Amino acid sequence: MKTPVRVAVTGAAGQIGYALLFRIASGEMLGKDQPVILQLLELPLEKAQAALRGVMMELEDCAFPLLAGMVGTDDAEVAFKDADIALLVGARPRGPGMERKDLLLENAKIFTAQGVALNKVASRDVKVLVVGNPANTNAYIAMKSAPDLKAANFTAMLRLDHNRALSQLANKAGVAVGDIEKLVVWGNHSPTMYPDYRFATVKGESLKDRINDADWNANAFIPQVGKRGAAIIEARGLSSAASAANAAIDHVRDWVLGSSGKWVTMGVPSDGSYGIPEGVIYGVAVTTENGEYTRVEGLEVDGFSRAAMDKTLAELEEERAGVAHLLG
Ligand SMILES: NC(=O)C1=CN([C@@H]2O[C@H](COP(=O)(O)OP(=O)(O)OC[C@H]3O[C@@H](n4cnc5c(N)ncnc54)[C@H](O)[C@@H]3O)[C@@H](O)[C@H]2O)C=CC1
Ligand SMILES: O=C([O-])CC(=O)C(=O)O
């Protein structure tokens, strides 16, 4: 038996948590031979803690052979203790009359505290995935609040956007979703993101040439991928949960187990390439191997792409400026 991996999940009793934990415990994230210990954080409210206890009872009732242990807590330092992987899902949702800026500030407090706790007690190699919105800026805040941890190990989830774009492209081109490679979604997990299939291939042939429809790209594809989260809320009355959990699993699985040379999109702190200022958590194409990601370098940025990449960057810069006073 392998040594169990400690996986911390915040917001564990929420709807993404409910779609996520059972799949982690069944081995879909880290492999069917990898035991896990789940360290689950919820708010210190009776309702949230009761819901968490219920989820843990259900996890127990699945008798997952790979579930080597479980902790439920309202204390971030307990949840993050020696964590190898931290999925930061819990966040303050937008309430009635709340502006984006208010949401940003409320969440800034949460992700500052969680960054500090990770810095104090998590494994020095902890891999962090931020799902809670605004995901890129929350990841940036946590990273800045955890100066003793590797900045490169703080990532934000753009995989749902990547997967959404894959399916839209497969439908448009009439190809199998699994045959599409070399897609990237640049920037912020928000409607300003830029899904870019200029480099994408299907069985080695250019997908862009096959679709050959600049109008569809600019006026249907890009806005549809960007606003897909809102479309799900409109249809379901609740935000994406199963697809978000699925994307979190894809993100961490590929990061830990490798993408076998395939491109995947991760929100990672910029190294200054592609004109993105260093440190900004920005969606880029990466390949992954041996628990590390490597940016796909040297992609051509044409005029249309530059404008799209700068627009989503400007939004991230604005978010960063909005929380700068909290980060010292
Ligand atoms: N990056 C992405 O692609 C996506 C991000 N999201 C975001 O994921 C987040 C979670 O979504 P849902 O599970 O649907 O929400 P939810 O409201 O069902 O669950 C969130 C849970 O987090 C808990 N929570 C809140 N603050 C916490 C804190 N400081 N510490 C620990 N737990 C805390 C709440 O008690 C709640 O149980 C939201 O911010 C949502 O906008 C959702 C879909 C996709
Ligand atoms: O739009 C939302 O609030 C949830 C989300 O991030 C998504 O589904 O992409």
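Cβ atoms are placed via backbone N, Cα and C, with glycine included.
Note that this is a predicted model, so its numbers are computed, not measured.
Look at TrEMBL and you will find His189 tagged as active site, proton acceptor. Marked as NAD(+) binding site by TrEMBL: Gly11, Ala12, Ala13, Gly14, Gln15, Ile16, Gly17, Asn107, Gln114, Val131, Gly132, Asn133. According to TrEMBL, the substrate binding site annotation covers Arg94, Arg100, Asn133, Arg164. If you look up TrEMBL, you'll see 5-153 marked as domain 'Lactate/malate dehydrogenase N-terminal'. As annotated by TrEMBL, domain 'Lactate/malate dehydrogenase C-terminal' applies to 159-320.
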When distances run from the Cα of Arg94 (substrate binding site) to each of the recorded positions Gly11, Gln15, Gln114, Gly132, His189, the nearest one: Gly132
PLDDT averaged over every residue in the domain 'Lactate/malate dehydrogenase N-terminal' (5-153): 96
Neighbour tally for Arg164 (substrate binding site), based on other Cβ positions within 10 Å of its Cβ: 23
Distance, Asn133 (substrate binding site) to His189 (active site, proton acceptor) (CA atoms, angstrom): 8
Neighbourhood of Ala13 (NAD(+) binding site), C-beta criterion under 8 angstroms, separation at least six: Leu40, Glu42, Ala48, Ala51, Leu52, Gly54, Val55
Site diameter for substrate, Å, by largest Cα distance between Arg94, Arg100, Asn133, Arg164: 24
Gln15 (NAD(+) binding site) - helix vs strand vs coil (DSSP): helix
Cβ under 6 Å from ligand 1: qualifying binding-site residues of Arg100, Gln114, Gly132, Asn133: Gly132, Asn133
From binding-site residues Arg100, Asn133, Arg164, the one whose Cα lies nearest Gln114 (NAD(+) binding site): Asn133
Arg100 (substrate binding site) and Gln15 (NAD(+) binding site), Cα-Cα, nearest whole angstrom: 22
Filtered binding-site residues, from Gln15, Gly17, Gln114, Asn133, Arg164, whose Cβ is under 6 Å from an atom of ligand 2: Asn133
Among the NAD(+)-binding set Gly11, Ala12, Ala13, Gly14, Gln15, Ile16, Gly17, Asn107, Gln114, Val131, Gly132, Asn133, as the record gives it, the longest Cα-Cα distance in Å: 20
Within the domain 'Lactate/malate dehydrogenase N-terminal' (5-153), residues counted as helix, strand or coil by DSSP: 66 helix, 27 strand, 56 coil
Among Gln15, Gln114, Asn133, the most crowded of the binding-site residues [Cβ within 10 Å]: Gln114
Between Arg100 (substrate binding site) and Gly17 (NAD(+) binding site), the C-alpha gap once rounded to whole angstrom: 24
